[in-house]
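Participant: I am attaching a structure below and will ask some questions about it afterwards.
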Amino acid sequence: MAMLPPAALPAAAVVAQDPAQMLPAREQMAFTLGFHIILVPFGVAFTFLMLIANARGLRRGDAEALLLARRWSQVAAVLFAVGAVSGTVLSFELGLLWPRLMGTYGAAYGIPFAVEGLFFFLEAIFVAIYVYGWRRMRPWPHFWTGVPVVLSGIGGTLSVVAANAWMNQPGGFTLHDGRVTQVRPLAVVFNRAFWYEAIHMLLAAYMVAGFIIAGVYAAGILRGRRDDYHRLGLVIPLTVAALTTPLQIFVGDVAAREVYHYEPAKFAAIEALARSGTHVPEVLGGYYADGQVHWGIDIPSGASILSGYKPSTRITGLEAIPAAVRPSDRLVTVVHLAFDVMVGIGFALLALSAWYALGWWRRHDLPRSRWFLRATTVSGILAVVALEAGWVVTEVGRQPWTVVGYLLTRDAVTTSGNLWLFFAATLVLYVAVGAATFYVLRLLPRRWRAGGNAGSADVPYGPSRAHDDVIQEQS
Amino acid sequence: MSTFAAVVLFAGVLAYAVLGGADYGAGLWDLTAGGARRGQGPRHLLDQTLAPVWEANHVWLIFCLVMLWTGFPQAFAAIMTTLYIPLGLTALGIVVRGSGFAFRKVVLHTQQQRAVGAAFATSSVITPFFLGTVTGGIASGRVPADGHGDPITSWINPTSLLGGVLAVAVCAFVAAVFLTAEARRLAEPELQRWFGRRAQGCAVVTGAVAVAGVWILRSDAHRLFHGLLTRGLPLVVVSAACGLACLALLHRAAPRLLQALAASAAGTVVLGWGVAQYPYLLGSHLRITQAAAPDTTLWALAIVAGAALLLVVPAMALLFALQQRGDLDST
Ligand code: HDD
Ligand code: HEM
Ligand code: HEM
């Protein structure tokens with residue numbers, strides 16, 4: 001690091017120092033993670049919605065609720081498969097793209113992943129039992145096989161995010177001559193960023209799944225399918241999402257204050273703050289260049305008050321970061337805008353949740369306005385955008401570090417191979433898989449309506465006609 | 001402690017080789033099952049057997065990767081920086097395979113089913129091939145301890161190619177036996193014969209490859225060859241015996257026994273490799289003890305492995321039991 005250029009050096013010189021693999025590796029990692037993370041809420045939280053519908057169906061003998069649960073489990077099965085394979089690619093990539101991260105820090109960083117593996121096992125096993133057990137298992141035992149799915153989804157999220165949190169606030173190991181010589185596993189897993197990151201992600205998963213599924217049924221109702229089935233398909237997920245949203249904003253606020261205290265460089269990027277000082281305004285929007293934000297809207301002393309509850313709170317600016325590890329203007333802009341997008345969407349979704357709550361409180365019914373349904377339809381997309389934006393804040397905001405204070409990204413990246421080829425192949429494949437997933441999910445309702453799998457002709461529990469046909473055919 | 005961690009890692013490799021291998025092999029039979037009509041029976045059986053279990057079986061791969069990068073980080077980095085071509089292709093192959101399989105059940109038109117199914121089946125064949133070449137590269141000592149070995153010859157060499165071909169053949173054999181047993185359990189005599197014939201053919205091919213392999217290893221991977229013929233010999237013999245027993249009892253033994261025999265035949269080959277390789281992790285230059293992470297990390301892994309034993313193994317047993325009882329259906 002000592003040989004790194006002073007800040008005044010042209011950008012090209014800085015780039016020249018990075019291995020050629022750096023750019024494609026970062027792009028590929030970001031792309032594949034961004035893809036995988038969209039599937040995560042379906043494994044983690046959608047299964048919970050499914051169980052609510054299932055329990056309701058069994059308790060009240062509600063056939064519509066059971067049908068919803070069963071159909072949702074088919075959707076979950078498809079998404080789970082795509083989530084599993086895209087997650088596997090990530091595991092390979094940690095080695096293929098970042099061998100020096102794993103080679104040096106694997107002994108510490110790997111521990112939460114090992115715990116994660118355990119939860120994936122349980123999740124994959126019980127998902128299979130639940131999804132394929134509808135017909136032959138007795139109703140309540142079948143329901144209970146879904147519970148481990150939800151629990152292991154939570155466990156998996158906590159452990160994998162523990163790994164990410166460790167990269168932000170590493171601890172629990174001793175370095176000697178560049179090698180990890182001692183590891184304190186509990187301190188690795190329960191690092192300082194663990195709780196708020198993990199809970200923030202968990203709630204995000206519930207919001208994303210809730211708003212997306214609610215949006216699907218809101219769209220159905222808008223198209224005139226005003227039956228109990230669609231109503232229930234809207235109410236269950238939207239209630240969960242609406243309850244989660246205020247909690248999420250609270251946890252996000254906690255997270256921001258923790259970042260202020262313990263990751264000042266990231267916080268400076270979030271605020272796009274050039275110089276340290278007090279009475280720092282909260283700047284909304286704009287882009288950062290030449291030490292200031294252009295086109296932003298200032299809220300006087302806003303940032304200071306939010307971080308320390310009083311205008312005189314001092315916030316560290318970007319200039320306080322040693323030039324060698326100071327993020328470029330472009331990265332600062334990305335982090336700053338991503339943060340604004342996340343928070344903006346958070347409050348927009350809070351407003352939607354409040355609208356919903358109001359309708360429920362006043363009339364025990366959905367708000368009547370078609371605008372409510374329209375807003376719900378797009379809420380899922382917004383939640384996904386917030387999720388991605390949040391991760392951009394975390395990951396890009398950490399740059400140029402991969403393990404803050406220990407390992408620079410340029411020292412983590414592989415130096416072998418032409419990664420552009422690998423990236424191109426991955427890109428093509430993922431676009432195809434993404435499109436096919438979308439297409440297949442659009443096919444499912446058609447199948448249901450045609451009375452095929454779990455179609456309306458089927459009773460959720462009990463022998464299916466489709467199955468008997470198969471048996472007859474073969475005998 | 002490091003030996004213990006290596007044993008845990010290797011147990012994962014074994015489980016993946018047998019359980020995951022059977023899933024891959026099923027893909028091969030899918031690929032060769034013929035046209036849409038003719039292949040309908042075998043494909044249906046295959047779908048039904050595979051659907052509930054493939055994801056759980058697949059997690060063994062994740063388990064191996066995680067155990068390797070946490071327990072033996074240096075070896076992991078060395079493997080990844082050397083064998084990145086076959087490993088990258090493996091990763092992409094897994095995407096095609098898993099999503100292809102999941103989609104096939106949902107799409108309606110035969111045309112689309114064919115396309116998605118072909119993607120699933122083809123990738124089921126090439127993925128184990130690449131994994132086999134990786135194994136060959138490691139076993140023949142072509143991965144330097146500091147990584148960055150030759151990106152081409154590390155996996156295009158006699159031992160690797162043997163590994164690749166053997167992996168595909170063994171997967172196909174195990175799958176054929178499993179499916180024969182499955183067809184028998186479901187009282188489907190026609191399918192039983194269909195898969196039975198293939199199991200027999202495969203056994204011959206696998207045996208031939210294994211015999212040819214002896215010569216290849218002798219000239220290309222001398223230490224491995226020596227290890228297999230000394231410490232590994234009993235396992236090699238057991239493997240051959242199980243394979244033969246499988247064939248002899250193909251239409252007579254109880255399905256479960258048959259499956260156990262096939263699993264042992266495949267498992268002992270892999271185990272033979274492990275025993276011959278010990279006490280080295282990479283070829284004959286990086287010892288397990290040298291490559292291991294600090295002890296506390298290994299303890300953490302041991303606890304995870306213990307938890308897996310307590311939680312995952314019974315859960316998996318439940319899954320398989322439910323499937324064997326026909327409580328899980330994928331139609
Ligand atoms: C539905 C998604 C969603 C919504 C509505 C919000 N967030 Fe968020 N945020 C995420 C989803 C997310 C996430 C899951 O994407 C991240 C990435 C890493 C993490 O721990 O959570 C995240 C990270 C993240 C970070 C960086 C944490 C770190 O780097 O350690 C901060 C400071 C906030 N968030 C703050 C907020 C605030 C103040 C919000 C108030 C409205 C908010 N978030 C709403
Ligand atoms: C570097 C980051 C990550 C890696 C290496 C990774 C790895 C994996 C792997 C290997 C699987 C497949 C497991 C199986 O076969 O069932 C998977 C699936 C999954 N991952 Fe990730 N993951 C990463 C990021 C995340 C994040 C950030 C989350 C959530 C917070 C997450 C949650 C899940 C879940 C819930 C599944 C189960 C499959 C599903 O629900 O669709 N992963 N991941
Ligand atoms: C537990 C979860 C995660 C882990 C362990 C993880 C790990 C990593 C690693 C090792 C890198 C490469 C090194 C670096 O650039 O610092 C990286 C980069 C990155 N990740 Fe994550 N990641 C996780 C979740 C996510 C998710 C869900 C996203 C979704 C968008 C994401 C977005 C990115 C981006 C954009 C980069 C590139 C940053 C840059 O180079 O500017 N990450 N992450």
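Note that Cβ sites are derived from N, Cα and C of the backbone, with glycine treated the same way.
Those TrEMBL annotations? Automatic predictions, nothing curated.
Found this in TrEMBL, in case it helps:
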COMPBIAS  A:465-475  compositional bias 'Basic and acidic residues'
REGION    A:452-475  region 'Disordered'
TRANSMEM  A:32-54  transmembrane segment
TRANSMEM  A:75-98  transmembrane segment
TRANSMEM  A:110-131  transmembrane segment
TRANSMEM  A:143-167  transmembrane segment
TRANSMEM  A:198-220  transmembrane segment
TRANSMEM  A:232-251  transmembrane segment
TRANSMEM  A:337-359  transmembrane segment
TRANSMEM  A:371-393  transmembrane segment
TRANSMEM  A:419-441  transmembrane segment
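Walk me through where these features lie, including what they touch and how far apart they are.
Facilitator: Long-range contacts of the transmembrane segment (A:232-251) within the same chain: residues 45, 48-49, 52-53, 56, 62, 64-65, 68, 196, 199-200, 203-204, 206-207, 209-214, 216-218, 220-221, 346-347, 349-350, 352-353, 356-357, 366, 376, 379, 383, each at least 6 residues beyond the stretch ends and with a Cβ under 8 Å from a Cβ of the stretch.
Long-range contacts of the transmembrane segment (A:337-359) within the same chain, counting only residues at least 6 positions beyond its ends with a Cβ under 8 Å from a Cβ of the stretch, are 207, 211, 238-239, 241-243, 245-246, 248-249, 252, 270, 284-285, 287, 365-368, 372, 375-376, 379, 382-383, 385-386, 389-390, 392-393, 396.
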Participant: For the transmembrane segment (A:75-98), I need the partner stretch with the highest count of C-beta pairs below 8 angstroms, choosing only from A:143-167, A:371-393, A:419-441.
Facilitator: A:419-441
Participant: State the residues, same chain only, that lie 6 or more residues beyond the ends of the transmembrane segment (A:419-441) and have a CB under 8 A from a CB inside it; answer 'none' if no residue qualifies.
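Facilitator: Distant contacts of the transmembrane segment (A:419-441): 21, 24-25, 27-28, 31-32, 35, 75, 78-79, 82, 86, 89, 96-97.
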